[in-house]
Amino acid sequence: MISEIQNQPPFPDGTSAATSPPPEAAAEQPYSIFDKRQKALIVLIVSVAATFSGFASNVYFPALPAIAKDLNVSIELVNLTVTSYLIFQGIAPSLWGPISDVKGRRITYCCTFVVFLGACIGLGEAKSYAAVLVLRCLQSTGSASTIAIGSGVIGDITTREERGGFMGIFQAGLLVPVAVGPIIGGALADCLGWRAIFWFLAIYSGVFVVSLILLMPETLRSVVGNGSRSPSNDLIAQYPLVVYQRTTRIKWDVASEPAARKRIDLVGPFRILVSKQAAPVIVFLAVYYAVWQMSITAMSTLLEDRYGLGETEVGLSFIANGVGSMVGTLVMGKVLDNDYRRIKARYDNADGDGDSDGTNFPLEKARLRLVPIFALLQCASITLFGWTIQYPQKVHMAVPIVSTFITGWTAIATQSVIMTYLVDVFHDRSAAASASLNLARCLFAAAGTSAVMPMVNALGVGLAFTVCVVAQLVALLGLAVQWRFGARWRRELKRRK
């Protein structure tokens with residue numbers, strides 16, 4: 001286990017402090033000194049940071065056929081660059097997430113972006129398939145962790161009551177590339193060649209790193225407490241935190257003591273992944289995410305082969321998927337907050353002590369009750385996609401494209417819910433929890449994307465995606481297990497701490 005802080009009074013969200021302030025100071029001290037506009041700016045920064053993972057992935061899809069032709073390799077080999085990207089997208093946050101939970105969010109962000117920028121420059125100059133394959137792995141290592149670190153930042157500055165809405169905004173920022181990335185990638189590949197995609201990403205990341213250094217404060221609670229503490233011996237954590245402290249509208253008088261420093265536990269995400277408190281719901285989401293990625297990976301090749309679309313047109317066809325994804329996460333953010341407040345109010349009235357962080361609070365009901373609806377809708381949309389795109393002479397291409405709107409909407413709504421739920425359960429290891437989810441979904445997606453075209457070639461599009469839907473229906477058992485036993489397992493975890 002990651003070293004825990006024993007016998008410490010909790011913060012309002014359940015995290016522990018190293019030293020308990022006097023009762024009168026504790027009563028006045030807010031959970032976070034960042035006011036609403038400051039939180040909005042921080043969430044905007046981490047949302048933009050998270051776009052790099054999506055851009056590096058989605059901007060690439062329309063260029064797959066062009067890369068295959070230019071490098072004189074098969075489309076199956078080019079699809080392996082997608083698979084390798086997803087593998088490292090899963091593994092990398094398991095390294096960077098625990099580091100950010102111990103050393104700080106700012107320094108970890110800076111390290112990841114240096115790696116990403118270098119990989120983009122290399123890809124812009126790549127002349128061989130081997131170079132593209134290796135540099136895509138490096139690029140993924142630099143970009144993928146922005147999601148885990150961003151989830152950790154939101155866990156640092158928000159309580160459960162407001163976390164769903166902020167997580168929805170974060171996920172929306174994460175999904176902007178799903179909507180516009182393929183358009184940009186298709187246009188760049190069509191007009192300037194596929195290497196221009198990576199020069200675009202290099203320029204974008206360089207500009208963002210400067211903004212990150214100037215605007216992003218350190219938020220890790222073991223370093224800065226609730227934001228009111230500026231470590232005198234840590235220049236990286238001091239700036240621009242001191243500016244936020246001077247301009248906040250939240251009243252605070254006594255600097256909070258930070259939580260005790262933890263050691264870096266690189267196996268922490270793996271431990272969360274296999275824990276009974278998380279494994280059932282993580283496996284459920286990983287299967288649904290993998291099927292979604294399989295559909296959009298196959299989409300560019302299928303539309304080009306069956307409907308004769310060019311690269312720019314293929315890029316435009318991804319708009320429906322991206323818009324659906326953004327709608328799903330924005331709507332779910334509000335729904336999560338409203339559900340939580342409503343169930344919390346009922347719990348307070350029934351329990352009498354108002355302890356929403358208590359062991360008996362029905363967190364699974366507050367977070368997971370709508371997930372089965374989204375899951376079944378996604379199954380229906382994947383079935384529609386597979387069987388309509390199989391018959392291009394009989395079905396207009398608008399039908400499978402519209403089905404991707406439903407798939408994107410339901411897939412991301414589900415992902416937003418599960419990620420928020422895991423941050424609630426593992427609030428003291430939020431980046432590690434997000435990394436564990438990311439690891440599972442990306443490894444499942446890597447296996448799926450490498451198998452999707454062989455499946456399509458062997459079974460046909462409709463039957464191949466029907467097999468995927470059967471796997472999704474079986475994965476619903478994981479959600480049922482979490483709903484039935486999740487509360488008991490959370491109580492056991494809290495007793496062990």
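Cβ atoms are placed via backbone N, Cα and C, with glycine included.
All TrEMBL annotations are machine predictions without curation.
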### Summary
TrEMBL record, region 'Disordered', of the ranges 1-26, 209-234 the matching one is 1-26
### Query
Near the transmembrane segment (315-336), which same-chain residues lie under 8 Å Cβ to Cβ, leaving out any that are not at least 6 residues past its ends?
58, 61-62, 163-169, 171-172, 174-187, 296, 299, 303, 309, 367, 370, 374, 397, 401-402, 404-413, 415-417, 420
### Query
What stretch, picked from 196-216, 281-303, 401-423, 435-456, has the most CB pairs under 8 A with the transmembrane segment (462-487)?
281-303
### Query
What else in the chain is close to the transmembrane segment (73-95), if you only count residues 6 or more beyond its ends and a Cβ gap under 8 Å?
53, 56-57, 60-61, 64-65, 67, 129, 132-133, 136-145, 147-148, 266, 269-270, 293, 297, 301, 431, 434-436, 438-443, 445-447, 449-450, 452-454
